[in-house]
Ligand code: C5P
């Protein structure tokens with residue numbers, strides 16, 4: 001009997017927005033922003049098995065993940081269409097990242113699908129092409145295709161790799177989910193921040209900058225405000241994206257661990273290492 005080929009298993013890491021300024025609104029309703037994306041080592045894991053019949057199949061033990069408009073399936077079908085391949089894949093996911101938490105989990109899954117299937121189907125598409133395909137799926141997909149911590153402008157797609165310090169982060173999920181479109185559409189959202197330069201953004205740590213969505217999110221979601229205020233007693237706390245997750249930076253793993261253990265008594269909390277290169281890049285050897 002021929003040996004069953006081993007699946008290709010790849011990580012899909014999370015990101016934090018160390019700062020986020022909203023500098024304008026486009027005709028299509030999307031917002032022009034400036035943000036520092038930092039990749040962290042909290043990951044989902046996706047496994048891919050080649051199929052000759054062209055079918056894209058997703059399996060997972062998590063409720064609410066395996067439906068057809070899932071970003072994983074959409075990314076695979078988009079790549080299939082764009083490349084004209086007749087190959088398919090069975091994809092399974094080991095989910096660790098919360099959905100709708102501001103950690104970019106869904107976008108990162110999509111980027112891992114694009115990069116993983118590009119390799120499995122031997123398409124040879126460039127990262128620039130994959131990022132373009134990914135942008136149509138979500139504004140945060142391109143940074144995960146790039147696979148590096150980065151300064152981002154536009155809606156998040158104009159990327160410049162950035163070398164950031166790599167602290168230990170405490171990441172807290174306060175157990176609720178935030179509607180990103182509702183936050184971006186809130187009339188009171190800070191939309192007129194003056195643009196800053198990448199050099200200035202890089203000079204500031206988590207304490208120096210802010211997230212322009214934070215005031216609106218705090219007002220609409222008192223439980224997030226409570227968690228931000230609690231974490232701020234230990235170190236400057238910041239929302240990532242439009243939440244619901246929030247974070248603070250620590251110099252040592254031990255200090256982060258101590259705060260995470262306290263946080264875990266009330267919410268779900270993790271200790272994560274800040275990275276400059278995505279573990280996906282390392283796994284793919286590029
Ligand atoms: O692209 P993504 O699916 O992550 O965006 C979700 C929603 O967030 C969009 O439909 C839009 O309302 C809002 N958004 C925005 N400006 C951005 C990113 C997202 O207004 N740069």
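Backbone N, Cα and C atoms are what each Cβ position is placed from, and that goes for glycine too.
All TrEMBL annotations are machine predictions without curation.
Record features (TrEMBL):
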{"type": "ACT_SITE", "residues": "15", "note": "active site"}
{"type": "DOMAIN", "residues": "70-148", "note": "domain 'GHMP kinase N-terminal'"}
{"type": "BINDING", "residues": "98, 99, 100, 101, 102, 103, 104, 105, 106, 107, 108", "note": "ATP binding site"}
{"type": "ACT_SITE", "residues": "140", "note": "active site"}
{"type": "DOMAIN", "residues": "209-261", "note": "domain 'GHMP kinase C-terminal'"}
Quiz item: Once near-sequence residues are set aside, which residues in the chain of residue 104 (ATP binding site), 6 or more away, have Cβ atoms under 8 Å from its Cβ?
Solution: 14, 15, 140, 143, 144, 241
Quiz item: Considering the binding-site residues 98, 100, 102, 106, which residue's Cβ sits among the greatest number of other Cβ atoms within 10 Å?
Solution: 102
Quiz item: Can you list the residues of the same chain, besides 98, 99, 100, 101, 102, 103, 104, 105, 106, 107, 108, whose Cβ falls within 8 Å of the ATP site's Cβ centroid?
Solution: 14, 97, 241
Exercise. Let me know how many other Cβ atoms fall within 10 Å of the Cβ of residue 15 (active site).
Key: 27
Quiz item: Using DSSP, how many residues of the domain 'GHMP kinase C-terminal' (209-261) fall into helix, strand and coil, respectively?
Solution: 27 helix, 9 strand, 17 coil
Practice problem: Check residue 102 (ATP binding site) against DSSP and tell me helix, strand or coil, would you? | Solution: coil
